[in-house]
Amino acid sequence: MALSESQLRAISATERVCSAISLIGTFIIVISFISSSSFRKPINRLVFYASWGNMMANVATLMSQSGVRLGTTSILCQFQGFLIQWFMPADALWTFAMACNVYLTFFHKYDSKQLERLESRYVLACYGLPFTPAFVYFFIETETRGKIYGAATLWCWVSNSWDFLRIGLFYGPVWMIMCLTIFIYVRTGSVIYNKRQLLNRAGNTDTTNMPAGSTSIQFSKVTEFSITREVVQTMPLPIGEDDDPISTKSLHAFYCPYSVTIQAGNEHEPRESPAEESLRDDHISGNRRPATMTETNSAAWAYSKYAILFFIALLITWVPSTANRVYSLVLPNKSNFALNFMAENTNSAHRINRAPASPSPPPPAPVAFTPGPRVAKLQEIFDKALARTLRANSYANFSSCFPTPAKQVPASLESVWRQLNAKLEESAKAEFEDILTERDAIRQLNELDRLVGEARYRKDHGVGHESVAPHTLPPDELFRAHLLPFMQETRLTLKTKIESVQNENSKLAQRVQAQRENIQNLLSSLESVVADLEGAAAAATQFSCDNNLRQEAAKMDVEVRAQSEI
């Protein structure tokens with residue numbers, strides 16, 4: 001029996017409302033990822049890439065039954081079927097990509113850079129694989145079945161006459177991918193559980209018992225050992241006149257020496273199997289690097305939690321939809337309103353769950369008793385210092401102090417070393433917590449954070465000053481503000497010197513002008529004298545020519561010479 005018109009209207013209205021809400025959530029994901037760098041983590045990048053497919057799937061579900069009412073051969077109906085066939089299976093592929101990242105992180109030790117290099121391949125696979133059948137469906141049509149894209153009750157998709165393609169090329173591949181995803185998470189979960197159990201057993205080893213797993217592994221020697229703390233009088237250190245409770249407590253915690261007594265019994269040397277050797281080596285190496293393993297496992301576990309949450313959301317999405325399709329395949333002439341309603345709601349609304357939850361969001365403002373940035377930094381510095389201290393007390397350094405036990409009973413000595421380091425770490429952390437509590441460090445450091453925050457705000461906005469505070473200026477303006485008095489003084493000095501030089505230049509100019517006038521007068525007088533001389537010379541020449549004075553003078557000269565010869 002087909003669904004009634006009222007049932008179809010209810011499904012269509014609910015579908016569009018859920019699709020609209022989902023589309024808004026997808027926009028929030030995209031905007032958050034683009035605007036904030038704190039969201040750009042490997043898990044969130046995959047969600048960001050998947051969001052574009054979710055947008056297109058939401059566009060298809062927003063159309064609801066509009067394509068069906070326009071006709072199965074209409075462009076809107078064909079386009080809606082194409083979007084659903086292409087982008088809805090991409091969700092399962094993106095969840096499988098997240099599971100692959102979890103697998104590579106846990107079993108192949110991939111870091112964020114290596115995972116980032118795989119993202120382009122993920123994009124091609126998650127959007128390229130479902131695109132092929134979705135595009136090919138446009139070109140397949142038979143006389144008996146018609147086009148592949150057609151009415152599918154809720155929307156335009158693979159028509160009822162091609163119902164087997166829904167299982168073969170849609171639900172079948174999707175569930176195969178989901179089974180692979182389940183396998184990866186089950187495998188990873190079992191490894192996480194085993195590793196945690198191993199670390200817990202190693203951390204809770206009693207001082208009178210062998211390490212975890214020793215009941216099933218026969219060591220080369222049967223050994224009894226004990227650790228005894230000696231109470232000795234240590235030499236006081238020069239810490240000043242005031243007794244600092246922190247220093248005295250720290251010295252008491254870190255300088256109480258231990259004496260180790262190790263007694264070896266009869267030797268038994270059964271050869272260990274390779275599996276036992278590997279297990280013991282893994283256990284020992286794991287205890288040698290507790291801090292590194294804890295940080296790595298914590299990061300990987302944080303990534304896994306977000307990926308598993310997305311997988312659970314996807315599982316909830318596809319179970320009702322698959323049940324509905326199986327029901328319609330088994331009973332093709334009947335429609336179940338409840339299954340259709342659930343399938344439509346989960347397909348439209350599951351993308352709301354893809355809000356970008358970053359494993360490391362920006363820290364909130366410090367509260368009175370919540371560790372703020374400075375408390376977190378102090379804790380980080382303490383953890384690093386403690387880790388370096390424990391690394392300095394390596395097994396090589398420890399065993400060099402006890403060469404005979406290291407040679408005769410290495411496993412027992414190594415167990416003592418592990419317990420000693422664990423005790424040292426536990427004591428140091430307890431003392432550190434006591435110091436924080438006694439000094440009320442968390443509240444006071446948070447108060448300092450608040451004061452610094454207020455000071456920065458006042459500095460940035462110039463709050464509390466009628467005029468502009470100098471420190472609110474940018475560097476260039478602040479430099480010029482400090483330089484201005486010196487520049488004004490220099491300018492005044494230069495102005496005075498320039499005026500003095502200008503006065504001297506004015507006097508020199510007047511003197512030069514007077515000298516020029518004097519020279520001009522002298523030139524005028526000289527010109528008149530020269531003119532007189534030229535006139536006199538001309539007159540003399542003319543007079544001589546007119547009176548033959550030159551010829552007469554020559555004759556007289558000849559006569560005078562003749563007389564003188566006689």
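Using the three backbone atoms N, Cα and C, a Cβ is placed for every residue, glycine included.
Because the structure is a prediction, the values reported are computed rather than measured.
The feature coiled coil is assigned by TrEMBL to 491-536.
For 266-285, the entry in TrEMBL reads compositional bias 'Basic and acidic residues'.
Confidence across the domain 'G-protein coupled receptors family 2 profile 2' (11-197), taken as the mean pLDDT and rounded to a whole number, stands at 85. The domain 'G-protein coupled receptors family 2 profile 2' annotation in TrEMBL covers 11-197.
Taken from TrEMBL, the feature region 'Disordered' applies to 266-290.
Look at TrEMBL and you will find 20-39 (among others) tagged as transmembrane segment.
Residues annotated as transmembrane segment in TrEMBL: 46-64 (among others).
Here TrEMBL flags 92-110 (among others) as transmembrane segment.
If you look up TrEMBL, you'll see 122-140 (among others) marked as transmembrane segment.
Annotation source TrEMBL lists transmembrane segment at 164-186 (among others).
What TrEMBL records for 298-319 (among others) is transmembrane segment.
Remote same-chain residues near the transmembrane segment (46-64) are listed as 12, 15-16, 18-20, 22-23, 26-27, 29-30, 33, 76, 80, 83-84, 86-88, 90-91, 94, 97-98, 101, 119, 122-123, 126-127, 154-156, 310, 344, 347-348, 351, 354, 356 (criterion: CB distance under 8 Å, separation of at least six residues from the stretch ends).
The list of residues near the transmembrane segment (122-140) in space but at least 6 beyond its ends in sequence, with Cβ under 8 angstroms from a Cβ of it, reads 46, 49-50, 53, 78, 81-82, 85-90, 93-94, 97, 147-149, 158, 169.
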